């Protein structure tokens, strides 16, 4: 059955995300909160995280390109990204944000730029996996007729 | 009094500038059968509570501290600490400094475990301090504050004052909750008939709450802020 194959594919993907340390138990909290009254909760929050993260990473690149970097401003953007990552359970991105904030406090432009590269790679890797996850969920839903 | 009936009426005002966190806290609260209204800033929270932005504490505007001017009846406020403009701490001070709002329990959430900050919030009247991300298990602690508040109503005057939390206690309990979260959550996921757009629902709730006179009565809350209240 197609749905069963898709479901096992989805489970394998999510398990792999946990195994690789991309996600932590906060993501399980989101999954637990999703029920019949809010069937799209996880996908809504994940989509918000993906959009928000992309916006913040673009803004960070722009801030760090300036001749006089406003490190407090950079720090406040990293703080936002750290908060969103923590809320969806994006463990790896969150941990890199913690390092990033240390470089902001040290006023280290090089440190910030390096960490931005790292957080960007981690974020887009996670986003690709989240998108694959949402796509599989949609395909699974499409296997079942609407009630 | 039947506990379930009392709980089902609890209305929580959640304040957070992050949309993701508003969604999360809203779901957490709804899953625990609370009515929820969310706003994205402390000033909007005060507006909703009927507290004007200027001169709320001054005697020149006595009307602003009158309960008649409270827009909606809120049983508990849960607010993020770190917000642009008015912080969660500023909001706490405004609420506790208002004669009409000071009895509403305030819970502060923050992603940063800064003991001095936690202590300051608890000393200045916050009931509880949650480390973010907030979990289902934390919602159980809210219930104890709300129930404590109801139960204390007839004997509020006799309730003894207790010393405020120590920050390490709060941090330790938050950590303990985090660890126990997976194990404990089963019991508090309850059926929730909430559905549809939260905004519309919140608006509907406001109407409902305003039109219900018995809920306007503000029970007095003693200054106990112990987080060790027995779970019911």
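Counting starts with 1 at the first residue shown.
Cβ coordinates are placed from backbone N, Cα and C, and glycine is handled just like the others.
Keep in mind that what you see is a predicted model, and the values were worked out from it rather than measured.
The domain 'HPt' feature in Swiss-Prot is assigned to A:38-133. Residues or ranges marked as phosphohistidine in Swiss-Prot (evidence: sequence analysis): A:79.
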Residues of the domain 'HPt' (A:38-133) by DSSP state, where helix covers H, G and I: 83 helix, 1 strand, 12 coil
Average model confidence [pLDDT] within the domain 'HPt' (A:38-133): 97
Neighbourhood of residue A:79 (phosphohistidine), C-beta criterion under 8 angstroms, separation at least six: A:97, A:101
